[in-house]
Amino acid sequence: MDLQTVRKTAREKLGGVCRVCPVCDGVICAGEVPGMGGVGTGTAFRNNIQALAGFKLNLRTVHHVSQPKLACTILGIKLSAPVIGAAIGGIALNLNAAMNEREYTGAIVSGCSRAGIIGMTGDGPKPEFFAAGLEAVRAGGGQGIPVIKPRETGLIVEMANQAAAAGAPAFGIDIDAAALMNMTNAGQPVGPKTPADLEYIKKHTRIPFIVKGIMTVDEAEACCTAGADAIVVSNHGGRALDHTPGTAEVLPYIAEAVGERLTVLADGGVRSGADVLKMLALGARAVLVGRPFALGAIGAGDQGVTLIANKLIAELQAAMILTGTADINTVSEETIW
Ligand SMILES: Cc1cc2nc3c(=O)[nH]c(=O)nc-3n(C[C@H](O)[C@H](O)[C@H](O)COP(=O)(O)O)c2cc1C
């Protein structure tokens, strides 16, 4: 199993829905939602890529770091490296029905688990989507984090408790899916959540609570006040609102404001180990990776996901040696030029 074969198979199976470009940057697929692109002009997706590219790394090799430490613990979950497989739902619509939801979530959960990291599962207009994720988490011995759409607050609590019963170590809500029309059209209304809603969810659930889709300091503060355990600085891979900044641009401000009050995660445009290191130097404790893992899953199931994960982890290790970063838990902001 090699990367070229995985990408070739994924390209064939995706039938033009995703061109599997040499660099996954949101240019060709702008506006292709459903599909793999960013919404509208595709600017928010491209901003993620450009923001990360705008940060440069300091090359340092006069030091003693030859075996950096990559292992970390995020929300009590032990990881071989600070990388998490992002939730991707709607495989039929977005990914040319190249797999069904259960096969896809299974590939993400077990492919990530084999690489020593953890994957997220999603939610969608059909109840089977969330159920498929829960099944994958259960089958994977609890190695998965279900992410729930911003539904009616009582229903979120119910679904979070189902996630806990399936053995999940944490759950999330992708709060930035607040205007997702395909949910509302299917009679599954979603919408924004008030700080009181977030507090209610935290009070009535028993595993760590992640709020995914935070892009401003004031909303990060609100999540701290509500007692959330983590946020994901994310614009949903540029698929929620057109013209947002890139996540790497806003991340340092958010990370500095919240400090140690909750765990800051980030995603959007992470394509290499160097990108992972940049996000950590900008203040994230771990990153989520979306489209690259989706291509791995479509190209070769769980083995494809493991292959991509191991490649990212090997690149991260090399980037740590080449920046003199001894421990992934204490990445210095001076790693950035
Ligand atoms: C096709 C597609 C479907 C997605 N579905 C979901 C979803 O169901 N739930 C969710 O929280 N995020 C979803 N996302 C967003 C990802 O979890 C993640 O935030 C994003 O893909 C990260 O950016 P990247 O793909 O550039 O790594 C989706 C993204 C894509 C591309």
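Our numbering is plain: 1 for the first residue shown, then up by one each step along the chain.
Glycine too: its Cβ is placed from the backbone N, Cα and C atoms.
Note: TrEMBL annotation is automatic and uncurated.
Sequence annotations record features per position, and here TrEMBL assigns active site, proton acceptor to HIS236. Within the same chain, residues at least six positions away from HIS236 (active site, proton acceptor) with a Cβ under 8 Å of its Cβ are ASP174, ASP176, ALA177, GLY213.
As annotated by TrEMBL, FMN binding site applies to LYS212, SER234, HIS236, ASP267, GLY268, GLY269, VAL270, ARG271, GLY290, ARG291. A C-beta separation below 8 Å, combined with a sequence spacing of at least six in one chain, links LYS212 (FMN binding site) to ALA87, VAL147, GLY172, ILE173, ASP174, ILE175, ASP176, ILE231, VAL232, SER234, LEU265.
Positions annotated as glyoxylate binding site by TrEMBL: ARG239. Within the same chain, the residues at least 6 positions away from ARG239 (glyoxylate binding site) whose Cβ sits under 8 Å from its Cβ are VAL33, GLY37, GLY38, VAL39, ALA44, PHE45, listed in sequence order. Mapped onto three states, the DSSP output places ARG239 (glyoxylate binding site) in coil.
Feature annotation from TrEMBL assigns domain 'FMN hydroxy acid dehydrogenase' to 37-337.
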Checking the binding-site residues GLY268, GLY290 for other Cβ atoms within 10 Å of each Cβ, the smallest tally belongs to GLY290
Within 10 A of the CB of VAL270 (FMN binding site), the number of other CB atoms across every chain shown is 27
Which of the three DSSP states, helix, strand or coil, fits VAL270 (FMN binding site)?
-> coil
